[in-house]
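Engineer: Sharing the feature lines straight out of TrEMBL:
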BINDING   E100, E125, D152, D175  S-adenosyl-L-methionine binding site
BINDING   K179, D211, T249, K250, F251, E252  substrate binding site
REGION    18-43  region 'Disordered'
Amino acid sequence: MKLAFAHVMCTIDVMNNSDFPRTERSGTGELSHGRPPQTEFTTGLDYPRLGSVTFRRGTLTDNQEALFDEHWPRLGRLLDDAPVNIDEWFGRTGHPTIVEIGSGTGTSTAAMAPLEAETNIVAVELYKPGLAKLLGAVVRNDIDNVRMIRGDGVEVLARMFEPESLDGVRIFFPDPWPKARHHKRRIIQSGTLNLIATRLKPSGVLHVATDHADYAEWIDELVDVEPMLEFKGWPWPEAPLLTDRQVITKFEGKGLDKDHVIREYLWAKN
Ligand SMILES: C[S@@+](CC[C@H](N)C(=O)[O-])C[C@H]1O[C@@H](n2cnc3c(N)ncnc32)[C@H](O)[C@@H]1O
């Protein structure tokens, strides 16, 4: 199947729908068993190859399970081939939308969302207990501008968001995959940057943070690789979205040491 968005900037071949195993348990946020489908990109750029991260599981407490069963059908969905109708999902029209990839337990997500109440936030994560924690925070604190998608962020962007539909993409502390043989699993790659650029509206912003020195060097090499993204560095006071993550990491709290310098990166879509 070829996704035919009118102003698509790169051609994306997507596996046939029949390759996309639908789970009967999607209402409970369970991913299908087996290897998930991976888009065959035809850009010639580099994309992360999924490792065991895809199969991350974990158990929820009884309380989390009950919250999940009650609220996931409204607030969450699984990766699939149906593009997200943002206005319908958030129940309002014309608001900016930011996708956060790899939201983890959602500490930053839940802390930032109330400060950007006019913005729709979509948290994408593979790890169900992390999503359950964010879901709990969202419900407890009456946060109504956060929705969640369980799945691989690259596939979610490719399959579920139309070109030039996003005002921002955030990737905070992506898995560093420190061993050289695992570097190909790193999410920041030329192809991911290109995919993100296609999904951003003009002037949309990509914000990446890492505390891993070797990953920072890796990103430094890639800051200018995508022609549609203008590297803005850090800080960028005129950034049109919230760039303060609101969270003091354990390293920041203790004072920075040379192994845990936080590096932040901002790009704007041309
Ligand atoms: C090191 S944690 C950081 C979590 C959070 N952003 C934070 O700052 O605390 C990286 C997270 O990204 C998630 N992750 C890794 N690869 C992903 C992918 N391809 N799509 C979505 N989430 C992913 C992992 O499950 C993990 O929760």
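Glycine residues also receive a Cβ, built from the backbone N, Cα and C atoms like all the rest.
Mind mapping these onto the model and telling me what they sit next to?
Structural biologist: Long-range Cβ neighbours of E100 (S-adenosyl-L-methionine binding site) (same chain, at least 6 residues apart, Cβ-Cβ under 8 Å): S108, T109, I121, V122, A123, V124, V169, R170, I171, F172.
According to its DSSP assignment, K179 (substrate binding site) is coil.
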Engineer: Write out, in the order they occur in the sequence, the residues of the chain not among E100, E125, D152, D175 that have a C-beta within 8 Å of the mean position of the C-beta atoms of the recorded S-adenosyl-L-methionine site.
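Structural biologist: Sorted by sequence, the hits are I101, G102, S103, G104, V124, L126, Y127, G153, I171, P174, I187.
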Engineer: Quick one: of the binding-site residues E125, D152, D175, which has its CA closest to the CA of D211 (substrate binding site)?
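Structural biologist: Nearest listed residue in space: D175.
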Engineer: Between E125 (S-adenosyl-L-methionine binding site) and K179 (substrate binding site), how far is it from one CA atom to the other, in Å?
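Structural biologist: Spelling it out, the Cα of E125 (S-adenosyl-L-methionine binding site) and the Cα of K179 (substrate binding site) are 22 Å apart.
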Engineer: Assuming the binding residues for S-adenosyl-L-methionine are exactly those in the record, E100, E125, D152, D175, what is the maximum CA-CA distance in angstrom, rounded?
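Structural biologist: Farthest Cα pair among residues binding S-adenosyl-L-methionine: 14 Å.
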Engineer: If you measure K179 (substrate binding site) to D152 (S-adenosyl-L-methionine binding site) at Cα, how many Å is it?
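Structural biologist: Rounded to the nearest whole number, the Cα-Cα distance is 21 Å.
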